[in-house]
Amino acid sequence: MALSMPLNGLKEEDKEPLIELFVKAGSDGESIGNCPFSQRLFMILWLKGVVFSVTTVDLKRKPAHLQNLAPGTHPPFITFNSEVKTDVNKIEEFLEEVLCPPKYLKLSPKHPESNTAGMDIFAKFSAYIKNSRPEANEALERGLLKTLQKLDEYLNSPLPGEIDENSMEDIKSSTRRFLDGDEMTLADCNLLPKLHIVKVVAKKYRNFDIPKGMTGIWRYLTNAYSRDEFTNTCPSDKEVEIAYSDVAKRLTK
């Protein structure tokens with residue numbers, strides 16, 4: 001994908017930075033692979049509205065020039081005006097700092113609680129899916145459900161901005177589209193890729209569905225699936241299943 005070069009004579013701050021994102025490739029070596037960290041950065045750059053290019057990296061056949069660019073580093077990583085950056089959390093902080101208003105959107109959540117909502121889900125899911133002992137399955141599933149319930153409660157609890165102090169009407173349930181409001185933030189870029197993996201993998205290898213009664217989570221996922229920033233940066237369900245084919249353990253007596 002070609003980058004749009006800035007025109008000569010523009011002020012330095014008006015020039016588009018040269019950004020290339022390197023993400024994990026799928027099983028075919030070309031499509032987007034299963035990597036929530038790759039998707040996290042992909043979503044951030046897309047939401048920022050900045051011009052950037054994306055290169056999928058086949059870990060089985062990593063090209064020599066990429067090994068020289070970031071020796072010993074697996075995707076995701078970025079080059080920003082030819083400077084290599086490899087730490088995902090630091091990349092997120094850097095992009096939020098340099099790609100700032102008024103030219104680019106601010107993506108930090110307004111409510112600190114949005115940053116930690118759902119943070120325990122992936123660890124509980126990993127323990128659940130890697131377990132091979134039938135006698136431990138029920139307790140591990142309960143642990144996963146408990147963390148999902150906590151997220152569901154957060155998504156259904158009105159944020160301060162949804163409550164009108166002058167209104168006589170008591171808002172009992174939130175209708176917001178995402179974690180921090182009606183627009184995606186950095187918190188969504190972190191959680192949504194992981195939540196999607198949980199949904200796909202738990203169904204495939206444990207026949208587990210996120211309960212339909214968790215209306216906050218299902219509203220959240222439905223809204224995410226309606227956004228290009230999520231669906232176009234997301235690996236296919238098949239890629240996610242392939243990635244977990246050796247990780248997900250069969251329950252054996």
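Here the Cβ of each residue, glycine as well, is placed from N, Cα and C on the backbone.
It is 35-38, from the ranges 35-38, 179-182, 183-186, 187-190, that Swiss-Prot records as motif 'G-site'. Within 10 Å of the Cβ of S132 (phosphoserine) there are 12 other Cβ atoms, across all protein chains.
Each residue in the domain 'GST C-terminal' (81-244) has a pLDDT score, and their mean in this model is 95.
When the Cα atoms are compared, Y244 (phosphotyrosine) and K130 (N6-acetyllysine) turn out to be 10 Å apart.
When the alpha carbons of S236 (phosphoserine) and K130 (N6-acetyllysine) are compared, the span between them is 21 angstrom.
Neighbour density around each Cβ, counted as other Cβ atoms within 10 Å, peaks among the modified residues K24, K130, S236, Y244 at K24.
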